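Colleague: Summarising the annotation, Swiss-Prot assigns ATP binding site to Asp13, Val14, Gly15, Lys16, Thr17, Val18, Glu101, Gly102, Ala103, Gly104, Pro185, Pro186, Leu187. Among the features that Swiss-Prot reports, Mg(2+) binding site is placed at Thr17, Arg47, Glu101. Look at Swiss-Prot and you will find Lys33 tagged as active site, backed by sequence analysis.
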Amino acid sequence: MSTRLVVSGTDTDVGKTVFSAALAGALDADYWKPVQAGRDDGTDALRVARLSGLPPERILPERYILNTPASPHYAARIDGITIDTNDLTPPPAKDRPLVIEGAGGLMVPINEDTLFIDVFARWKLPLVLCARTTLGTINHSLLSIEAVKRRDIPLVGIAFIGEDYAESERIICKIGGVRHLGRLPPLSPLTPEALRAAFITSFNLSDFTA
């Protein structure tokens, strides 16, 4: 069976969409974001399509597109709907990899009763945890790692995003007992070519396919 990976984060806006674009492009994968909250600046799927270089048919349609950039449970309430977690089943396996991106951080509520991490636990797919490198990331990252391990979710490792703070990265991986997958540096301008080159330089693709 082809590689199927979940990408989540220690927090919102840590850079997991940019990382997902890089990973999906490098794997020549399909990409799926089951829940999109907020659409004023375009969807994450459109951003991944632009940055990954993947053809349009590789960007799979969202199950829910919510109008408000907020926690999915609240954004759905504003739109007058409730997210049914039974709708959040990964697409059938194909002969190519699949990258699934969550919304916000691991512990973001989908509805009044379920967190995203609960859905990930049900799927039992390997998870890549994205973390920022700035002040506060040690606490956020270790709490996230503990939550993933407590639910027996297979953890591929942690991908850092941001400037180089080697000591923070080292101590997170040592205490958390997780693999350091690499660090995606800030890119300006952020272009598909620059992202592809940075990913190839910073990560070992075999770490995601083993």
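Here the Cβ of each residue, glycine as well, is placed from N, Cα and C on the backbone.
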Colleague: Enumerate same-chain residues with a sequence separation of six or more from the residue listed as 'active site' and a Cβ-Cβ distance below 8 A; give 'none' if the list is empty.
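Modeller: Once residues fewer than 6 apart are set aside, the residue listed as 'active site' is near Thr43, Asp44, Ala45, Val48, Glu62, Ile100, Glu101, Gly102, Ala103.
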Colleague: What residue among the binding-site residues Ala103, Leu187 has the most other CB atoms lying within 10 A of its CB?
Modeller: Ala103
Colleague: Return the residues near Gly15 (ATP binding site), defined as same-chain residues 6+ apart in sequence whose C-beta is under 8 angstroms from its C-beta, sorted by sequence, else 'none'.
Modeller: Gly9, Cys130, Arg132, Ile161, Gly162, Leu184
Colleague: Between Thr17 (ATP binding site) and Arg47 (Mg(2+) binding site), what C-alpha distance do you get in Å?
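Modeller: On Cα coordinates alone, these residues lie 8 Å apart.
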Colleague: Quick one: among the binding-site residues Asp13, Glu101, which has the most Cβ atoms sitting within 10 Å of its own Cβ?
Modeller: Glu101
Colleague: Excluding near sequence neighbours, so keeping only residues 6 or more apart in the same chain, what lies with its CB under 8 A of Pro185 (ATP binding site)?
Modeller: Gly162, Glu163, Asp164, Ala198, Ser202
Colleague: Could you state the whole-number distance in Å separating the C-alpha atoms of Asp13 (ATP binding site) and Arg47 (Mg(2+) binding site)?
Modeller: 14
